[in-house]
Amino acid sequence: MALFLGISRVLFRSVKDLRLLTAKRHRVKGKWATTRPKHLPTRLALQHFDATYSVQLGQLWPSVRVALLSERKYGALFNNFSNNPDLEKLQAQGCRDFISDGEDPTSSEHNCEFGAEEDSSSVSTVSSHVDSQLQSPLWLSPNIKCLVFPRGDITRFKPARPDKFSLLSYYLMDAASVLPCLALGVQKNHTVLDLCAAPGGKALALLQTQSVRFLCVNDSSVSRTSRLKRVLHSYIPKPLLTDDKLRITSFDGTMWGEIERNSFDRVLVDVPCTTDRHSLMEDDNNIFSRSRVGERRSLPQLQVELLLAGIIAACPGGEILYSTCTLSLNQNQGVVEQAIQLAEENHGIQLKVVSLRPLVQKFRNTFHFAPDLHLGEMVIPHLAANFGPIYLCKLRRLT
């Protein structure tokens, strides 16, 4: 036994000596060669966008591309329920509330910042269902405030501080993400459904109106719903989060028509999408990962089902706001057209598109809007005002 142990030690030393004499590149084979992705999701996303958006946006794409690959600009959604004096401090730093400072929509014609008209290849073919749009005055809640730094100013906001009741003074979000909440036109005693509510910024904006009689916020992801709850509890006083004022659920949004029909005055359908800016900047949780190809390709169908569920949930005379954070025609205009058609064919629901041109005219000095969309409106990123992309389209249920 002792002889065997002695021989083993000699052999072990010999092996160690041989490894020391072997060149390092031959001695160890690094794991990265088999585990590191050969095609990063961000690179795949950029290739896809270059191929698609260069055709869709034409001469606008180079500037939009640069902006998408640059740091995004944020806005500070002010919390009316907090007692912090941060509003005055932010205004002293040069911030302005873009909502109250917006232009009068009736004062002048829409200014096409980009000069040239959109190339015909970038315009979708709109069906007869959406040829005529309802003209409706823009109604904005005086209680929503969202502060932004001036155009070209890339100053970052400091983290919000809690007041003596532990409520934070503002919520940082893409300022263009407030537009769907403004376009929804929530008025006194309305019941509102936010069908895809997480992470909670738009639900928070809706509550800032102080006009919602009852708000139902839903998200199919349990983990995202938990984050949504934390956001609301960080900004909204507990007396306003009671069951008679707020309901938080985690149902499959596509099945909402089987849960609640003809119930809500306003419905916000901010659907999952390719999230263009995130897809270009972050490899983690990226929809362009090789393992998520099927999920990405099925997005338009999921979006149609969610919008259709939102339409069914709205009461006759109610309004539905569809929004995404992508530039994609297939996920924007294409989804709206298909949902309108299916609502009429399968459910006997007639809809009209509500023009959002007054919204564009009012906020054209804060955001860059895509010119001449035949259906809905879209904020496109620009280095001087690097918000978006945000697409929004408003529908009114007639029957």
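Every residue gets a Cβ built from N, Cα and C, even glycine.
The annotation active site, nucleophile is assigned in TrEMBL to C325. Its Cβ placed at the centre, C325 (active site, nucleophile) has 22 other Cβ atoms within 10 Å.
For C196, A197, A198, P199, G200, G201, K202, D219, D252, D270, the entry in TrEMBL reads S-adenosyl-L-methionine binding site.
Per TrEMBL, the feature domain 'SAM-dependent MTase RsmB/NOP-type' maps to 98-398.
Around C196 (S-adenosyl-L-methionine binding site), the C-beta neighbours below 8 angstroms that are at least 6 residues distant in the chain are N218, D219, S220, G253, V269, D270, V271, P272, L306. Comparing G200 (S-adenosyl-L-methionine binding site) with C325 (active site, nucleophile), their Cα atoms are 15 Å apart once rounded. Largest Cα-to-Cα span within the S-adenosyl-L-methionine-binding set C196, A197, A198, P199, G200, G201, K202, D219, D252, D270: 20 Å.
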